[in-house]
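Heads up, the thing below is written out as structure tokens.
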Amino acid sequence: MRISELPVNVHVRLWGSFISRIAASAVFPFIALYLTETISKTFAGLFLSFTVLISFILNIIAGYICDRLPRKKLLVSLSYLDSVFLCLMAVGVILDEIVLFIASFLGSLTATTLKRPAMRALVQDSATPENRKLIYQLDYWLINLSMALGAAIGGLLYHNHKGLLFTALGITTFLVAIVYHIFIKETREFIREKVHQNIFRDLLHSYTEVSKNKPFVILVLGSIFIMCAEFSTSSYIAVRLAETFQPVTLFHFQVTGVRMFSLINIINTLTVVSCTFLVSKIVAKNSLKNIMIFGLTIYGIGYTVLVAANVWWLIVAAILLATIGELIYAPIKNAEELDLIPPDKRGAYGAFSNLGFNGADLLSKAGIILGAYLHPLAMSAVMAIIVSLGAFFMLYSLFDHKNIA
């Protein structure tokens, strides 16, 4: 199947998100910097920690309402609302009204988190066994390309054109909402009725049902361990490189530990953008399980080496290996995951799956503490164990789930 043959809903949602994410990636990475410049580092840290907790709670609510309201209506309404909050953030920046900025940021965070399961479910509703692998390859590629473009734009314009950046984000979100309104087709057949009249009991019932799906829970657990390796790049690995990497000169340019960390991210992004579809074609004729085993294996080897490597060429080789492994396993995992999700419960399952990101992030942050007591080689061994467990859980849940009671 070719990209042009994908359903309209998939095209509109993926390309709409691509445009929105470019704008968001040009702005949101600088929120901490803006709050630090305007108020203080302490406030920025405490406030952003608070938003993580808020996001966690909103994510649970979002999955629940996604299964009980029309997907399109939910997505379009919240996209329009998000654009209003983002424009108010721009006003706050231009007028230097920090209270308006913070209140609007919380409003935007709420709207964005609440619409996320609907965005995911709209794609899942349109996915079939024939097209879903291509859908998730395209989605994976667009996510990485948009974040790279957004970061580049933000880096160029943030210092001198803050107001322009935030205004562009609000206008872009509004225009994308209009596109969603006109072109997205509703998938009403998947709306669920309430089981309990009490909304809190009904919400609890939704996630209790998800937790009874053992293969899916095992998959989420495996995802936590697997993603922990990638998240460690910006936690333990970044800290270790800053402290222990000996600067080298490459092409008349001095590479310090901090710059080596930036180089890792650049190599990762460029590899994903340039090799996603090429890698897919190379491995397309093999069995999904064997391909995924191979992908997870080289992914694990790459990050196991990266945790301890302190020589520039070994670091480059390790991140290339890890990224190729991710290119192989990630689209397959996302596509095969659909077999474990009942069509009428995709909101709750999507929200539960998102907990994997929180768990992986928390586990990777714990690596900083553990790294203070362990030698890098010992940390490398720990990473090998974590990724091996994650690969086992992931493969078992996706390909042997019929044997799970």
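Just so it is clear, glycine is given a Cβ too, placed from its N, Cα and C backbone atoms.
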Transmembrane segment per TrEMBL - which of 83-101, 140-158: 140-158
Most Cβ pairs under 8 Å with the transmembrane segment (377-399), selected from 140-158, 164-184, 216-238, 258-279, 291-324: 216-238
Same-chain residue ranges lying at least 6 outside the transmembrane segment (216-238) that approach it to Cβ under 8 Å: 210, 261, 264-265, 268, 296, 299-300, 303, 306-307, 322, 326, 333, 337, 340-341, 349, 352-353, 355-357, 359-361, 363-365, 367-368, 370-371, 379, 383, 386-387, 389-398, 401, 404
Dominant neighbour of the transmembrane segment (164-184) in 12-36, 140-158, 258-279, by Cβ pairs under 8 Å: 12-36
